[in-house]
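Q: The structure's right below; bear with me while I get my questions together.
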Amino acid sequence: MAASLNILIVAVVSLIAFSPLCLCSKAYGSGGYLFPQFYDHSCPKAQEIVQTIVAKAFAQDPRMPASLLRLHFHDCFVKGCDASILLDNSGTIISEKRSNPNRNSARGFELIEEIKRALEQECPETVSCADILALAARDSTVITGGPSWEVPLGRRDARGASLSGSNNDIPAPNNTFQTILTKFKRQGLNLVDLVSLSGSHTIGNSRCTSFRQRLYNQSGNGKPDLTLNQYYASMLRKQCPRSGGDQNLFFLDFATPFKFDNHYFKNLITYKGLLSSDEVLFTKNRESRELVKLYAENQEAFFEQFAKSMVKMGNISPLTGGRGEIRRICRRVNHAY
């Protein structure tokens with residue numbers, strides 16, 4: 001009887017220890033569950049390793065956190081959070097790195113590979129590249145002064161990519177408000193997620209080519225975008241001419257470009273959002289306008305919702321269980337060795 005009781009206790013304790021039931025996230029479009037403790041036994045130092053390398057990268061390049069956040073976003077919006085964005089061209093794969101949103105723009109790939117090498121040394125073939133992207137996005141937010149959150153883990157890596165998905169599914173800087181919202185809704189995200197996640201533009205840069213039309217020819221009538229503060233526009237024109245200078249970089253949030261805060265929303269209220277896709281949050285929809293005003297006044301409210309929306313975005317159609325693989329090198333699938 002005592003032996004049976006001991007076996008029962010061990011079984012219950014094991015069930016509690018390994019059950020994702022309490023702290024898990026149901027992944028949108030997936031039958032699997034993700035949970036923060038996924039690597040607690042198989043690779044207990046995983047999160048510490050990611051955090052350390054991200055911190056080192058930030059010290060060397062203050063632009064890197066924004067780049068890592070963007071990689072996670074551009075990954076999740078194409079076939080789900082499966083690290084497809086990291087794959088290079090190969091015999092069977094056309095890389096998403098060559099899509100319009102990513103070409104000459106997406107960066108941080110070498111850093112992800114550096115993190116992967118460190119994790120392979122610590123616990124081979126255990127931590128997915130997709131989870132590295134999710135953790136690096138959280139750590140990038142924290143290191144620049146933003147909120148923290150527990151990252152649900154357990155994603156696996158795709159064996160393919162989608163150039164067409166990258167071209168069509170990622171919101172573009174000149175999309176209308178309705179088009180952007182539709183692209184979010186396709187991923188199971190809503191208007192609140194759209195506004196809060198757009199707040200990631202509190203850090204990072206954008207290229208002249210991404211907003212030039214606002215300065216010179218917003219509606220095809222040869223006139224600038226009148227929802228852009230005209231003094232701010234005149235400053236931008238100095239480094240973003242009608243032609244040439246496509247790759248010239250501009251802060252998305254000129255006020256505090258390396259600090260994760262709510263100045264992005266304050267900029268929108270004064271019509272100083274850099275991208276059309278930013279400013280339309282304030283000018284084209286009453287509900288999103290009210291959220292912009294709320295987040296501009298209340299940074300805590302923005303931080304709280306941003307963390308929730310990042311978890312929600314990170315749960316878009318992950319590969320779990322036996323689907324996908326754990327890549328040994330993030331830029332290529334395992335059978336390519």
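Cβ atoms are placed via backbone N, Cα and C, with glycine included.
TrEMBL entries are annotated by machine, without manual review.
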Q: Between Cys81, Cys123, Cys129, which residue forms the disulfide that TrEMBL gives for Cys330?
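A: Within the candidate set Cys81, Cys123, Cys129, TrEMBL assigns the bond with Cys330 to Cys129.
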Q: Give me the CA-CA distance between His74 (active site, proton acceptor) and Pro171 (substrate binding site), in Å, as a whole number.
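A: Roughly 9 Å, rounded to the nearest whole number.
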Q: Can you give me the same-chain residues 6 or more apart in sequence from Pro171 (substrate binding site) with a CB-CB distance under 8 Å?
A: Phe77, Thr179, Ile180, Lys183, Phe184, Ser277
